[in-house]
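Per TrEMBL, these features apply:
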type	residues	note
DOMAIN	127-223	domain 'CAAX prenyl protease 2/Lysostaphin resistance protein A-like'
TRANSMEM	16-38	transmembrane segment
TRANSMEM	44-63	transmembrane segment
TRANSMEM	84-110	transmembrane segment
TRANSMEM	122-142	transmembrane segment
TRANSMEM	219-240	transmembrane segment
TRANSMEM	246-268	transmembrane segment
TRANSMEM	302-321	transmembrane segment
Amino acid sequence: MTGNGLIRRGSAVEGGFAYAGAVVAFLLVSLVASLIPAGEHADLVSYIATAVLQVCFFLAAFIPYKAMRSRPKYTYARPTVKACLGGGAVTLVCLVAFYGLTSLFSLLLWAVGYEFAGSTDLTSPLGIVFSVLITIVLAPVCEEKLFRSGYLSSLEVLFGRAKSERRQTLSVICMCGLAFALIHARPEQTVYQFFFGAALAYLTIRTKSVFPAMIAHALNNAIGLVLSVPAVSAGMDAALTAVAGGWYFVLLFAVVSVGLAAGGVFALRRLINALGDGRPEQSFRTEGEHGFKNYADDGGSLACGVFSALALVACAALWIFNLVAGLVA
């Protein structure tokens, strides 16, 4: 906090608190929801719990910055039309590039006896309404506030002393993608969520706004909902079964998937670079106006690292728990 009460640029500590708070909220909401005797209202309880969790994500990102009278670097700055349209293109590239790797990992899980979680209920009006509101509206707004605003801004400070801008950027987007993937704790979705989360982080850095990532996130979830429609899902499963053969098909599919993923990373880099010219800020050893070497040196980097590590360990433990639960189901 500054002495004159002005809002200052956030340090690393706010994002560390934000992510740790989000993980605690995830665990608490999941625990409370599991203790409620839902009975025939199990779906409704699940929808409400998910909505509450999304609000908690938003608050987890908002409260630390509010308490410290600071602001994240990446906010709801007005983006260009090009950046918004590019956000949609990023989603389409991710779906094409990383669907194969995700399917390969899912195939591996299936081969070892993993029981996949149930899909979204789109057979009832209630299920459709809640699914649309939560996945297309709430999740993009709240999760992008947490990951691509609060947490990403602090990660940029945390890795601000990297030897090169390229190394800093890679560290930041990979860390953001990992945190995004693990907090969902769905083993079958982890591969795609990592790459998608990293792509959204880079998109936010280059466009200097959270809005393009929100648009990309909303489109991604909307496509996911369409693919969850029973008729569409059954048709895709039937088509895959019809073309699938023996080990040679799996090998060919693996080679193609790896090639698509490699090409997708290259295409995403070219695409996102064309959408903006934003770059991460590096920290320098110069005296700041508040008595610290710079805004990154007020102890926030250590706090962010510690809280991020604890939160990631908790998420990894939950991920492993869900994996084991799926294997023994």
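Including glycine, each Cβ sits where the backbone N, Cα and C put it.
Counting only same-chain residues 6+ beyond the ends of the transmembrane segment (84-110), those with a CB under 8 A from a CB of the stretch are 116, 187-192, 195-196, 199-200, 203, 207, 211-217, 219-220, 223, 250, 253-254, 256-258, 260-261, 263-265, 267-268, 271-272, 274-275, 323, 326.
Taking Cβ pairs closer than 8 Å, the transmembrane segment (302-321) reaches residues 11-13, 15-17, 19-20, 22-23, 26-27, 154-155, 157-158, 175, 178-179, 182-183, 185, 187, 190 in its own chain, all 6 or more past its ends. Assigned with DSSP, the residues of the domain 'CAAX prenyl protease 2/Lysostaphin resistance protein A-like' (127-223) fall into helix, strand and coil as follows: 86 helix, 0 strand, 11 coil.
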